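Here's the structure, in structure tokens; my notes come after.
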Amino acid sequence: EDTGSEATNNTEVSLPKPPVIENGYVEHMIRYQCKPFYKLHTEGDGVYTLNSEKHWTNKAVGEKLPECEAVCGKPKNPVDQVQRIMGGSVDAKGSFPWQAKMVSHHNLTSGATLINEQWLLTTAKNLFLGHKDDAKANDIAPTLKLYVGKNQLVEVEKVVLHPDYSKVDIGLIKLKQKVPIDERVMPICLPSKDYAEVGRIGYVSGWGRNSNFNFTELLKYVMLPVADQDKCVQHYEGSTVPEKKSPKSPVGVQPILNEHTFCAGMSKFQEDTCYGDAGSAFAVHDQDEDTWYAAGILSFDKSCTVAEYGVYVKVPSVLAWVQETIAGN
């Protein structure tokens, strides 16, 4: 078997001739493997045999070649589960390699979340920052600056807004090129099940703002529990009964709360700092699979201790739309 590190690029490599055995014959086989941070995607097993027509074929898929796709949700240095973070901690180890930084054309920073080698999720509100309400996706895309990993600038090809973005605060960003995956840049997995049950702990990362409302240059993260939805609705809307609702948001901005959202909040003893950026993932660790999933995307940030809850769009609510959009673009 030739398991050479780099697949031989149409250049003949002289291998020693295998010894002949009595009543036997030699069959030429190769096995495809992927570089670190990528995994083999194929219905076969990656092993190909040279047939009589001198074509490499696999038992299950014939001549169709496998692909190497990015591994998701497996950070090399996952955040320390034991640490209880209330004030927000600096991410020195690259525990959130899916976190991207988005800068609008008038220099407002927000977050975005890498979900494969070429696509990111963010909020529709982020995409409209500094644009008129009737701006088109084609006008927005060229105005964005996007950074992944250690401040690596990546070029945006297009923006796709959720068809119902006034209710579902979500948009997708496609990059011009696939971004190479390594320990600093890795997508988070998208969940097919709902991880947002009350009390579940998730991690939110972002550049946030310090108490002077200045953006910080260091990625920070905070650990938060999923909150009771009714309490959150009462906090922002005064009542869970539609007729009795009156917007009473303590911060003057009304978050979008509906069946596509969940809330997460902290104890009241938080420091005078805002964490997380809209567009960042509510990342949960599935311990059975040892995999990190984006349960939600931060839509409305708690505004520095005044409001108790952050509001997130449920990723399973938009999963079908995300998959269709990526497949069609």
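Each Cβ is built from the backbone N, Cα and C atoms, and glycine gets one as well.
Features as listed in Swiss-Prot:
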DISULFID  CYS34-CYS68  disulfide bond
DISULFID  CYS232-CYS263  disulfide bond
DISULFID  CYS274-CYS304  disulfide bond
DOMAIN    13-70  domain 'Sushi'
DOMAIN    85-327  domain 'Peptidase S1'
CARBOHYD  ASN9  N-linked glycosylation site
CARBOHYD  ASN107  N-linked glycosylation site
CARBOHYD  ASN214  N-linked glycosylation site
REGION    241-246  region 'Interaction with CD163'
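Here the features listed in Swiss-Prot are painted onto the structure.
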residue	record	DSSP (3 states)
CYS34	disulfide bond	coil
CYS68	disulfide bond	strand
ASN107	N-linked glycosylation site	coil
CYS232	disulfide bond	helix
CYS263	disulfide bond	strand
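Within 10 Å of the C-beta atom of CYS232 (disulfide bond) sit 24 other C-beta atoms, taking all shown protein chains into account. The Cβ of CYS34 (disulfide bond) has 16 neighbouring Cβ atoms from other residues within 10 Å, across all protein chains displayed. Distances between the Cα of ASN107 (N-linked glycosylation site) and those of the disulfide-bonded residues CYS34, CYS68, CYS232, CYS263 are shortest for CYS263.
Its Cβ placed at the centre, ASN107 (N-linked glycosylation site) has 10 other Cβ atoms within 10 Å. Of all the disulfide-bonded residues listed here (CYS68, CYS263), the one with the fewest other CB atoms within 10 A of its own CB is CYS68. Break the region 'Interaction with CD163' (241-246) down by DSSP state and the numbers are 3 helix, 0 strand, 3 coil. Distance noted between the C-alpha atoms of CYS34 (disulfide bond) and CYS263 (disulfide bond) is 39 Å. Each residue contributes its Cα atom, and for CYS232 (disulfide bond) and CYS68 (disulfide bond) these two points are 43 Å apart. Taking the C-alpha positions, the distance from CYS68 (disulfide bond) to CYS263 (disulfide bond) comes to 36 Å.
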